[in-house]
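S.K.: The structure follows.
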Amino acid sequence: VQIKGNILSMPKCELHTDLDKGQSAVKYTLSGEGAGTIFTIDQITGDIHALRSLDREEKPYYTLRAQAVNIETNRPLEPESEFVIKVQDINDNEPKFLEGPYTASVPEMSPVGTYVMKVMATDADDPTYGNSARVVYSILHGQPYFSVDPKTGVIRTALPNMDREMKELYQVLIQAKDMGGQLGGLAGTTTINITLSDVNDNPPRFSKSIFHLRVPESSAVGSAIGRIKAHDLDTGKNAEVEYNIVPGDGGAMFDITTNEHNQEGIIMLKKPLDYETKKAYTFKVEASNAHLDPRFHNFGPFKDTATVKINVLDVDEPPVFSKPSYAMDVYEDTPQGTIIGAVTAQDLDAGNSPVRYSIDWKSDLDSFFDIDPVRGTISTNELLDRESIAQHNISVVATKVNNPVLTSRVAVTVHVLDINEFPPELAMPYETFVCESAKVGQVIQVISARDQDLPQAGQRFSFKSPQEGVKTKNFTIRDFGNNTAGVVTLRGGFKRRSQEIYHLPVLIEDGGLQTLSSTSTLTIRVCGCDTDGSLLTCSAEAIFLHVGLSTGALIAILVCIVILLVIVVLYVGVRRQKKKETLMTSKEDIRDNVIHYDDEGGGEEDTHAFDMGTLRNPKVIKENLFRRDVKPELGLCPRRPIASQNSADISNFINQRLQEHDGDTSAPPYDSLATYAYEGEGSVAESLSSIESVKGETEEDYDYLNEWGPRFKTLAGIFGERSEIFLNKHHLERKITA
């Protein structure tokens, strides 16, 4: 049985059995899927009706069972019959785009027909029955830029040379309609946002052809002096710009780099500027794309050129010395005030200010030199000594008159030249000996000389003996010509017993312009030697060598001496430690000594010096109680006075106690303080306690406190309130009494 969907309460089929003779003795029953809820049957006629609308997309068919029974006995007249009710499809569902809205991207300048994306709509109707599920695609909005295939839903470009720089985002509305697009079909729509991605189809362009920059001549080398920018309409890597300075006038002074963040060209200074040398520079800068697309080479060159003109600004600069440094020579005997050289500096600015010179005092602390502030001539201020300071390094300062803040410095090196002022002398003290077996003409010593002077061509010394010409000679000096000489024997057969020591004078001359000489004396000792000339003994050391001590013995003697010294030092230290006892260490030593006791005592709580109870209560005086602040002597017991308990005059009591203390021989010989906490008895004023003062409370006017000044203002206020309370109290008491 087929039933069209969405039809309500309409008989779909009729069930009938052969046993039904029209006598109404048969009843029909229905069971199965939807029986009683979706479908119902007429028990008499067997007609089946639908109780509500049917949806094929919800359930395409139902299986039911029917049976004929006796209407009276309700007994089945025949077996149960099964049948299927199939819901016939109608076009009640529109196509739907389940994934919309869509986004897509396509490169700009793409040719016509470039694939963009594919869309698909689904229809819930039965595709096997009629055209209910046959979908056709079309563009409602987005033409003429894009097109869609009506069957496949593929979207392609429809216009050539779409430029992203003109329009970047396109919104396309696609429609899907069933029934093959015929009238009466249902439709669904979706939106596609298509973005044109960038390609490198635009060259960089400068906003202007000439850029003017102003740069101070004091700009540091390597600093940025200006910025230029070429704009590229592309984005991302396609907008990256490379800047280059075209070789030519001024290009060698500057360099240019690209700022990666904003693609600006930063002009850098490569060499220092000088306004006085050149006031302006002009060069060209070329901007080009870093990433070229060969598809657009026919568009023209992807670069642009601009001219940069830089004007150098004049800056007030310090003076400039004619040389980076100066060197001067002066002899050490040059008189004071002699000019040894000059420095020159010039103001190269347009003002051409005069320059003044001075020497930095830190470089010439001893003031060896002076300088003329106007001419720059340097002269000596003191006599120079090459042997003390061979080279002076001073700093000369040049200052502009019209701007003293601007200064420059130059180093001046003064070399002190040597003069021949020191005579030569032996290079060292020589210990010369001659063997008893020496022969005639034997060289027994080679000597050399030294000189504190420093000749420019090197030192040259000559040696000779001033005794030349004397007939009797033992030794002579032979000059070797290389600044050394030898002591040569003129005879043989030297005997220690005959003469132990010989003295040989040596005359040494230098090779200065003004020759200086000196005479030194060599002491030659006669010694005993072996056959090969090695020294054995000399007369002064013979005894010592025969009875000499070995090195080990000498070391042992030194160790013993050190031990004895240590023992002596320890003994002296112990003796001094014993003598450091203080004078009060001995109990017998009671010479004039002042001992300080920084003890202030404990006041009334200090009960160690005196018995405070006795002083406060004279009635409990104990007999034979000695004072604690003195050491009592044997056999002496201070007499304790008997306190008068009946005395009403406290002054008599105190005078009596004072006389007793003055006459006490056991008391210390210095003034002492005795305290008597005794008020006396029988006072006319009786008790001064304030405990019972409430009983005698009387009215009193405290207004006079207000006249005592601002210091008693608070007290007057307190007692004033108290007076009012007291008056109110008595006034109330009078009323109660009345």
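Cβ atoms are placed via backbone N, Cα and C, with glycine included.
Per TrEMBL, the features are:
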- 17-97: domain 'Cadherin' (DOMAIN)
- 98-206: domain 'Cadherin' (DOMAIN)
- 207-321: domain 'Cadherin' (DOMAIN)
- 322-426: domain 'Cadherin' (DOMAIN)
- 426-544: domain 'Cadherin' (DOMAIN)
- 543-574: transmembrane segment (TRANSMEM)
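Map these features onto the structure and tell me what's around them.
M.R.: Mean pLDDT, taken over the domain 'Cadherin' (17-97), works out to 83 on the 0 to 100 scale.
Residue counts for the domain 'Cadherin' (322-426) under DSSP, split into helix (H, G, I), strand (E, B) and coil, are 3 helix, 48 strand, 54 coil.
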S.K.: What is the number of residues in the domain 'Cadherin' (98-206) that are helix, strand and coil, as DSSP sees it?
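M.R.: Taking the domain 'Cadherin' (98-206) as a whole: 3 helix, 46 strand, 60 coil.
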